[in-house]
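See below for the structure under consideration.
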Amino acid sequence: MRARQNLRDAFSTYKRVSSKEAIDIFDKEDYSALLQNGIAQGITNPSWRPSLPHILVATISSFLFGYHLGVVNEPLESISLDLGFSGNTMAEGLVVSTCLGGALIGSLFSGWITDGVGRRRAFQLSALPMMVGAFVSATTNNLEGMLLGRFLVGTGMGLGPSVASLYVTEVSPSYIRGTYGSFIQIATCLGLMSALFIGIPVKEIVGWWRVCFWVSAIPASILALAMEFCVESPHWLHKKGRHADAEAEFEKVLGGLHVKLAMAELSKSDRGDGTDSVKFSELLYGRHFRVVFIGSTLYAFQQLSGINAVFYFSSTVFKSAGVPSDLANICVGVANLSGSIVAMVLMDKLGRKVLLLGSFSGMVVAMGLQVIAASSIVTGSGSVYLSVGGMLLFVLMFSLGAGPVPGLLLSEILPGRIRAKAMAVCLSVHWVINFFVGLLFLQLLEQLGPQILYSIFATFSLMAVAFVKKSILETKGKSLQEIEIALLPQE
């Protein structure tokens with residue numbers, strides 16, 4: 001009863017002081033004790049409904065990310081014929097990977113853009129080059145124009161995912177943050193599936209590949225317009241010293257006493273960090289190095305597993321196995337979406353680390369099936385079934401953890417002061433590796449053969465299992481402040 005009265009007194013006092021002074025009301029030990037004793041249970045579990053519309057709008061950027069990853073999958077052959085580079089595997093690889101090169105540029109500047117203009121404006125800025133790039137790609141008559149359009153689209157893709165992960169983490173209530181984080185992967189899956197479905201008529205209708213690019217301008221326009229009605233990140237507003245605005249935005253997504261507790265926690269997280277700008281060198285060594293290293297390595301393993309080679313070139317791979325590409329692509333999309341939905345259900349129950357371990361382990365098994373299918377051990381229809389089954393299992397296992405977890409986990413473990421810029425650094429690693437996988441996959445498949453190449457992918461997935469066991473902290477149900485205290489050495 002005494003603790004409950006203290007809590008009421010603290011909130012009463014909070015109303016009479018500024019948000020910046022709230023840190024003096026709750027010291028860290030008392031705050032943690034309240035949460036552990038369950039006294040503030042009603043306060044720490046706000047309704048998920050007010051924040052949901054804002055999360056759904058933010059995930060449009062992830063839908064666009066998935067759409068542009070898959071938009072050239074089915075139409076690539078038609079594009080190469082129409083634009084005069086058919087049979088040139090390097091040119092085909094460039095059509096895929098130039099988008100990723102643009103994404104690297106967008107990602108490099110994403111932290112500074114996001115911290116400079118805010119999360120909402122960053123979403124709108126990411127939509128602009130995607131609309132322009134879609135127009136250029138849809139109207140071009142040569143390879144150079146296609147590469148320019150793909151590069152422009154890529155810059156928006158590089159900015160969008162980092163902003164989405166930040167926004168979802170900073171707007172979501174902690175108890176449902178994992179579920180909301182899974183929405184990013186589900187939206188990416190829906191984007192991929194939409195690209196695959198829209199690309200189905202490409203072989204029957206001349207010039208249909210241009211329609212595939214035109215369609216992407218619609219969700220980009222919706223994102224830019226709908227963001228005008230969404231909340232700004234309270235974390236960003238607080239960091240900028242706009243405490244009253246931060247309270248107002250928390251009120252929209254949390255409400256009532258949740259605002260006071262959230263502001264007190266936010267003040268604690270920012271104590272000692274100051275509001276000065278983050279130097280690039282701070283992210284590469286010193287007290288922040290550990291979390292940046294964890295995020296970069298996790299993204300590196302995600303890409304070195306070979307997942308995007310499957311998404312980019314599944315039509316080519318399935319065609320070589322004698323499977324109709326449209327049917328194969330639909331199956332890939334369904335497997336990806338199914339795993340993402342399961343991950344959404346389990347994210348806040350089993351936790352991030354368990355899903356990562358299970359996901360990467362399953363990917364090792366799936367690539368093992370691919371290696372067996374490519375060997376002389378299995379022949380005929382058995383080889384085809386094993387190859388297709390192994391690829392679908394690989395996509396399913398990826399979508400259970402390796403796909404949705406890294407973006408969410410990274411935005412959770414990074415301290416608020418460096419979150420946007422450190423996310424940019426980690427995603428840059430993602431895009432560099434993604435670029436080279438997209439550029440070199442077909443050539444490596446020809447030169448090394450599927451057995452060696454898939455064995456390499458399996459090895460990286462196995463290394464990821466060991467890394468997750470050793471380095472990843474479980475963040476399920478923890479506030480961003482608790483995660484920061486656990487990971488960041490105190491000065």
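All positions are counted from 1 along the displayed chain.
Any Cβ shown, glycine's included, is placed from N, Cα and C.
Look at TrEMBL and you will find 54-476 tagged as domain 'Major facilitator superfamily (MFS) profile'. Residues or ranges marked as transmembrane segment in TrEMBL: 52-70, 90-110, 147-168, 180-202, 208-231, 291-315, 354-378, 384-410, 422-445, 451-468.
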Legend entry - Contact between the transmembrane segment (208-231) and the transmembrane segment (291-315) (3 or more Cβ pairs under 8 Å, separation 6+): no
Inset, instruction - Would you mind giving the whole-number mean pLDDT across the domain 'Major facilitator superfamily (MFS) profile' (54-476)? - result: 85
Legend entry - Cβ contacts the transmembrane segment (180-202)/the transmembrane segment (422-445), at least three under 8 Å, sequence gap 6 or more: no
Legend entry - Intrachain neighbours beyond the transmembrane segment (147-168), with Cβ under 8 angstroms and 6 or more residues off its ends: 54-55, 58-59, 61-62, 64-65, 68, 72, 94-95, 98-111, 113-114, 119, 122-123, 125-130, 132-138, 140, 177, 180-181, 183-184, 213, 216, 220, 233, 407-408, 410-411, 419-420, 423-424, 427, 431
Legend entry - Contact ranking winner - 52-70, 90-110, 354-378, 384-410, 422-445 against the transmembrane segment (451-468), Cβ under 8 Å: 354-378
